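As written in Swiss-Prot, here are the features:
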- S18, G19, G20, L21, D22, S23: ATP binding site (BINDING)
Amino acid sequence: MINLTPWLNAPTWYVAFSGGLDSTVLLHLLAEYARNHASPPLRAIHIHHGLQAAADAWPAHCQAICDNFDVELQVIHVQVSPGASLEQAARDARYAAFRQVLGPGDILFTGQHRDDQAETLLFRLLRGAGLRGLAAMPGQRALGQGSLVRPLLACSRQHLQEYAQAQGLTWIEDPSNVDTQFARNYLRGEVMPHLQQRWPQASQNFARAAEHLGEALGLLDELAQEDLALAGKGAPLAWPGLDSLDLAALLALSPARQRNALQYWLSQRTRLPDTRHWAGWADLRDAGADARPVWRLADGRLVRSHGRIWWLSGDWLQQPAGSLAWPDPDGPLRLPGNGCVRLVGAAVPSGLRIAYRQGGEMLEVPGRGRRDLKRLLNEQQVPHFLRSRLPLLYHGECLLAVANLPGLVQADCQLHWQLPTNAQGLS
């Protein structure tokens with residue numbers, strides 16, 4: 001039913017095991033394969049969302065199935081954040097847990113099938129999704145340090161049910177799956193049966209259409225990569241790891257190509273905004289030269305500074321803590337929420353500390369005398385959002401050096417700053 005050869009060299013195979021029909025069939029197929037072939041260790045993960053009382057009994061059911069299949073089970077309890085979409089919040093919590101489990105190269109198998117593919121296309125059409133939303137669920141994609149794989153996409157729900165019955169498998173029927181207040185359940189229970197009665201191949205054709213849309217998206221992604229190769233040039237060397245694009249290169253593109261390039265770039269960093277919220281790009285792009293526009297997105301924000309747009313997320317969304325003593329400057333100093341610093345060069349006196357700008361700082365620059373730090377940062381074209389978190393090296397009240405700016409140093413040393421992680425939390 002499925003081909004597992006591409007993933008035989010993975011360190012570990014995991015199965016997202018809800019206990020329902022799809023994941024039970026998937027776990028059985030993998031367990032049977034592992035019993036008869038050399039393969040990576042197989043483990044199951046059950047996510048307990050705590051959203052309904054019936055779910056409290058599901059871990060025990062899953063444990064019994066796993067014991068029967070001789071598969072190790074890990075049960076993870078998650079907190080689902082309240083919001084407009086309970087379905088989306090539960091999905092976010094679930095995939096965040098999966099990302100935490102997966103190590104480098106690990107594979108997470110999930111049980112989505114052809115009917116899921118069709119329902120997803122119809123659901124997103126009704127929401128007015130663009131090509132990226134309408135394209136087929138990929139058979140494989142990155143997830144955390146590993147990959148998510150959907151080996152059942154060519155199988156129908158009926159095919160899985162027939163297999164389960166033939167193998168004598170038992171599974172959980174989630175009562176929430178028949179609650180038609182949820183959009184996906186309404187499509188599955190009320191809409192798709194009528195469509196299939198009139199067009200028996202509806203699910204298969206929807207899934208095929210999603211594959212065609214995926215091919216078209218692939219071509220647009222190739223175009224985006226070409227455009228981003230140009231827009232990515234010229235990033236300041238002083239700020240490694242901080243993602244940015246050249247605004248002029250984007251402005252040279254048509255509006256449609258701008259949006260296509262940004263969709264591709266942002267899709268690797270955040271959940272994409274809906275059509276209505278794309279007005280934020282125009283506001284950011286067209287703001288006055290002296291403005292400091294911000295486009296807030298689901299998992300971070302875009303800001304504009306010195307002719308570039310910059311992606312900020314994770315620690316970059318919070319201001320770092322205040323002054324921090326550096327008792328051992330021979331080793332690196334970790335800065336809470338702001339990466340770490342180290343000294344390179346001649347020996348420096350004891351009693352050092354790292355602090356951040358308060359305003360009015362002066363630095364003795366060799367050959368130039370005392371200079372106002374604000375003016376020096378302007379000369380160096382330091383982005384405005386960096387200035388409040390730029391590590392400053394002090395000896396007592398004397399400013400000795402500014403991180404990552406070799407010209408701004410009083411002592412015979414350099415202060416190297418490893419920037420904080422620009423965290424990405426995509427599912």
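Placed from the backbone N, Cα and C atoms, the Cβ positions cover glycine too.
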Same-chain shell around ATP excluding S18, G19, G20, L21, D22, S23, C-beta within 8 angstroms of the CB centroid, reads F17, T24, V25, G111, W171, I172
Listed in sequence order, residues with CB under 8 A of L21 (ATP binding site) and six or more positions away: R157, L160, Q161, A164, W171
Can you tell me the three-state DSSP label for G19 (ATP binding site)? coil
So how many other Cβ atoms are close to G20 (ATP binding site), meaning within 10 Å of its Cβ? 15
Report, as a single number, how many Cβ atoms besides its own are within 10 Å of the Cβ of G19 (ATP binding site). 25
Suppose we draw a 10 Å sphere around the Cβ of D22 (ATP binding site). How many other Cβ atoms does it contain, all chains included? 23
Cβ neighbours of S23 (ATP binding site) where a neighbour is any other Cβ within 10 Å: 25
For S18 (ATP binding site), nearby residues of its own chain (Cβ under 8 Å, 6 or more apart in sequence): H46, I47, W58, C62, G111, I172, D174
